[in-house]
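S.K.: Have a look at this one before I ask anything.
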């Protein structure tokens, strides 16, 4: 498997996940002068109207300092209580990690080890007339434009990766408000990275509250397989067009689908390939992965190598009604398109067909096929 960095997947922060349980650490990091907050409004981040960058709140900007001084000290008193719930407070807050190697004076001692860096938090603003915090507490950022996909794909991978991490945690906090075991309100603990049932009545059984560990109190990530289909010499690549429209352009891409319970990555790939295209493929290699914050997927990028025998490679779209078209394309044609690609959300291919742009794992998988084809040709030529 490749360790190449994908968009949204850059290692930016040391998450120091073992420190989230320390209330002292969270209090100190929330209130430190160097701390940075990435604000979201109703689940979406903001773009600076001045320079188009992802908005990050810190005390170095006066208007942002006014916001932080109004909310952070009060929110700190709500930590690990039901009053911190966004329905009551008007905000969700989650600790993202420490940006190491900065000139921040933040320092925390834990087990005789010193942890240093700039603390980063995600902040989702969901204020109403009845919440503790009000809209006026967050002026002027309520007038800022919200991030669109077009915006985020123009950001640096560092900022996009911070955005992705914050968005996934905050989306989860916003969606899961009540305990599936007893219906009581859930409230965030461990700096917004875990949810806890608020039911204190021990006469009421709750399999969430009483379990030593369970999977509803932690953030969820949905594993999704995405596969570039090729043949044994990489001279062909199967690309498909979904019936879903993506703007006013024609997009052909790789095969993708959610994994199902009790399914291996390889079996999920084999199933998705057959269900969507009718192609029989048994040879699956895992290539690389990409976080995808829409809303909380982990794209597991794979290569499917089809043994052509006039049967395996035959396309049949009649199983699943998801695709509009699927075709085997010559890899040489794709290479020509990638060679001309100058960046952007999509790659012009042939006729009116476009391929996914470089911020997607689909692009990297398609490029992986092309590079394997070129390398195989070089090896063959060297033996002549």
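Cβ coordinates are placed from backbone N, Cα and C, and glycine is handled just like the others.
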S.K.: Out of 266, 313, 322, which does Swiss-Prot tie to the same Mg(2+) 1 site as 256, 276?
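M.R.: Record check against Swiss-Prot: Mg(2+) 1 site with 256, 276, extra candidate from 266, 313, 322 is 322.
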S.K.: Quick one: which of 191-212, 213-234, 257-278 does Swiss-Prot have down as motif 'Nudix box'?
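M.R.: Range annotated as motif 'Nudix box' by Swiss-Prot: 257-278.
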S.K.: Roughly how many Å separate the Cα of residue 322 (Mg(2+) 1 binding site) from that of residue 179 (Zn(2+) binding site), to the nearest whole number?
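M.R.: Rounded to a whole number, the Cα-Cα distance is 35 Å.
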S.K.: If I take the Cα of residue 182 (Zn(2+) binding site) as reference, which of the binding-site residues 256, 257, 258, 276 has the closest Cα?
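M.R.: Checked the binding-site residues 256, 257, 258, 276; minimum Cα distance to residue 182 (Zn(2+) binding site) goes to 258.
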S.K.: Restricting to the motif 'Nudix box' (257-278), report the mean pLDDT as a whole number.
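M.R.: When the pLDDT values over the motif 'Nudix box' (257-278) are averaged, the result is 98.
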S.K.: Please tell me which one of the binding-site residues listed here (179, 197, 206, 276) sits closest to residue 258 (substrate binding site), measuring Cα to Cα?
M.R.: 276
S.K.: Which of the listed binding-site residues (272, 276, 322) has the least company, meaning the fewest other Cβ atoms within 10 Å of its Cβ?
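M.R.: Across 272, 276, 322, these binding-site residues, the one with fewest Cβ atoms within 10 Å is 322.
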S.K.: Once the chains shown are all counted, how many other Cβ atoms turn up within 10 Å of the Cβ of residue 182 (Zn(2+) binding site)?
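M.R.: Total other Cβ atoms inside 10 Å, all chains included: 17.
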